[in-house]
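Engineer: Encoded as structure tokens, here's the structure I'll be asking about.
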2 protein chains.
Amino acid sequence: MPENDKQSLSMVTCTAPVNIAVIKYWGKRDEDLILPMNSSLSLTLHQDQLKTTTTVACSRNFQQDRIWLNGKEEDISNPRLQSCLQESILWRLNDFDCNGTCTSMTSCSPNDDDDDVKIWFVLVYTLSQLFGVESEQLSAVARQGSGSACRSLYGGFVQWKLGEQLDGKDSLAEQVESESYWPELRVLTLVVSAEQKSVGSTSGMHTSVETSQLLKYRADVVVPSRMEEMIRVIRERDFPAFGELTMKDSNQFHAICLDTYPPIFYLNNMSHRIISLVHRYNQYYGETRVAYTFDAGPNAVIYTLQDHLSEFVQVVRHFFPPEVSGEEFFKGLPVCSADLSEELKKDINMEPTPKGIRYIISTKAGPGPCVVKDPNHHLLGADGLPKKSVISD
Amino acid sequence: MPENDKQSLSMVTCTAPVNIAVIKYWGKRDEDLILPMNSSLSLTLHQDQLKTTTTVACSRNFQQDRIWLNGKEEDISNPRLQSCLQESILWRLNDFDCNGTCTSMTSCSPNDDDDDVKIWFVLVYTLSQLFGVESEQLSAVARQGSGSACRSLYGGFVQWKLGEQLDGKDSLAEQVESESYWPELRVLTLVVSAEQKSVGSTSGMHTSVETSQLLKYRADVVVPSRMEEMIRVIRERDFPAFGELTMKDSNQFHAICLDTYPPIFYLNNMSHRIISLVHRYNQYYGETRVAYTFDAGPNAVIYTLQDHLSEFVQVVRHFFPPEVSGEEFFKGLPVCSADLSEELKKDINMEPTPKGIRYIISTKAGPGPCVVKDPNHHLLGADGLPKKSVISD
């Protein structure tokens, strides 16, 4: 739906959410089509706390396709970008009113996430809005940029189905339950102190497919039954079962990384400590009240229920005393303050690690991508170039 | 062969080596008989650098069985100790000359190794010498105390065969090649700065058997072919193939630990850095010149060939500048000094980690257990109690 397809300039701005997998995607069965070795399942997070925004402008007056990510111009010949744009060229040829040249500007909030996964997804989504592409084609196109991002196409719990067809046409994202299905569910992202950068997820999973003997067994035998179980426990809103399976699948994904040659380490000592804290906390209560999951990096994502949120945040503050206070440390949905019993602190029995966690983002489930109506929120000006206010951000 | 079986006191002292697995043992198919889920293979290290010494004394005049480990008296009712002693009681009943009460003293060198695996093994071996038990029974009896220690029964490359019999009678240690077969092979133990203690190996492997879905696949499918390949590459003295398979199997063992629930972490950030250093060093030369393996802890054992030893030690010194110098840092078989090219240091491209490695032990392949002839080396006096000089160590 171009904003103005009678004139020479069309512009549309969209926001897209982040998704966090509870059954992990790791390994492609087809590198060209980006087809996964196993199905995966994630929760889409709320965009009030984490989102990616893209504006695409299209005009016959522009001289060349250009793209900016977080204010920095990117090389248009980047293969993954080309893969997205080639699809967009097809759309453009079908749309005579819009036969022009595009510029695009994407920005992530918060700005410190260096994963470009979300960027490709929101770009494809915004192009699809600009050119009026059907949403059922979108999942397959979004996959071209980054596989797991296609799960951001819907809100709530979303599965990316393995599919059976050779051409991958049935390897699509599908909503399992909407963002309002399990309202008590809460999500904390614990951003740990950064050390050296590890292997990127695209090359990492390629090496795993080439070298890990355990990966095929995971994909063929373990994940299919875990997918069934995960969908069941989500539908039953069974937190202990959901949390345990989430933790097991995170651990198995990192086990596969270790079984890769050379091995890939995404978890560091801080990640190990967070894992240990979660297990000790759950052990204290004799049930799984809190669960962790880790993607291709050391930051923990914590799932818990509203009832246990404030105490667990206090536990994290106690065992990882922050360097900074207030909103610099704790961002997003607020939590009540909570007192910790001496018994709990004693039972957890861990040495506090000051400054181990840089900050926390508190959020919950949220909807899929949105089109932004207010033209003030466009990231590009009428000339197709980033607005000054965006560049200086 | 009791030293003195005509008089009332019999005493024998033995030393036993340490072995380091290159195909790892992790998981029992029978907890009572200590039968493994898969075969394993190790190199027996030379006792000039690392050994465990035990003296057993037996006399009708002693009032009760007593045992000391590293100078500290142990509770004789310890289940694993009982399991060893019950077997020894059987031997005693068969040996009328020796129908008495035993005391035993064991010490490890260097003294800082807290793994009790070796202690049980040398105790059983020494008892077998005292009571004149056939060596073919020994493997099965030694397993009772600690599975992997039974591989210390022989020098050089030793496999502990899975076996097929339900009673475990064919799950035995067997020499693959003697300690003189591959004389260029060298071994470095890199002892890293200790952090918190992790899960012990006995309970860890029990939890893995209960919870890791990947372990059974490893034991049933991966290890059998790896055992064949490992024996072949050892016989061919093919270091690149030996090194690569050793590293892959170490990584897979730690992957299984991560796939355990709750997950077990033996590797820490320092271990990760050593792994990274080894891969970067090999990458620089375009071949596997150095290989790591890690057991149930963060310390690395490095295999390499004599030709590459001195340079690699210098690489370790460069990227892990030691806190102490000389023999406090580098113990065991000496190495020549070596200059590192600027190109190599630049290509490895790692930030040095001062004091990351506490010390290095340099050693090579060695023989199996030995009986010590010199009575001055007995750790017990004629009264069956530890000699004062041993206690005050």
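Start at 1 and count along the chain as shown; that gives each residue its number.
Cβ atoms here come from the backbone N, Cα and C positions, even for glycine.
Predicted automatically and left uncurated, TrEMBL annotations should be read as such.
Positions annotated as domain 'Diphosphomevalonate decarboxylase-like N-terminal' by TrEMBL: A:16-87, A:123-173. Summarising the annotation, TrEMBL assigns domain 'Mvd1 C-terminal' to A:187-372.
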Engineer: Can you tell me the mean pLDDT for the domain 'Diphosphomevalonate decarboxylase-like N-terminal' (A:16-87)?
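Structural biologist: A mean pLDDT of 87 is what the model gives the domain 'Diphosphomevalonate decarboxylase-like N-terminal' (A:16-87).
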Engineer: As a quick check of your reading of DSSP, tell me how many residues in the domain 'Diphosphomevalonate decarboxylase-like N-terminal' (A:16-87) are helical, how many are strand and how many are coil.
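Structural biologist: Final tally across the stretch: 9 helix, 34 strand, 29 coil.
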Engineer: Pull the DSSP breakdown for the domain 'Diphosphomevalonate decarboxylase-like N-terminal' (A:123-173) and write it out as helix, strand, coil residue counts.
Structural biologist: 26 helix, 5 strand, 20 coil
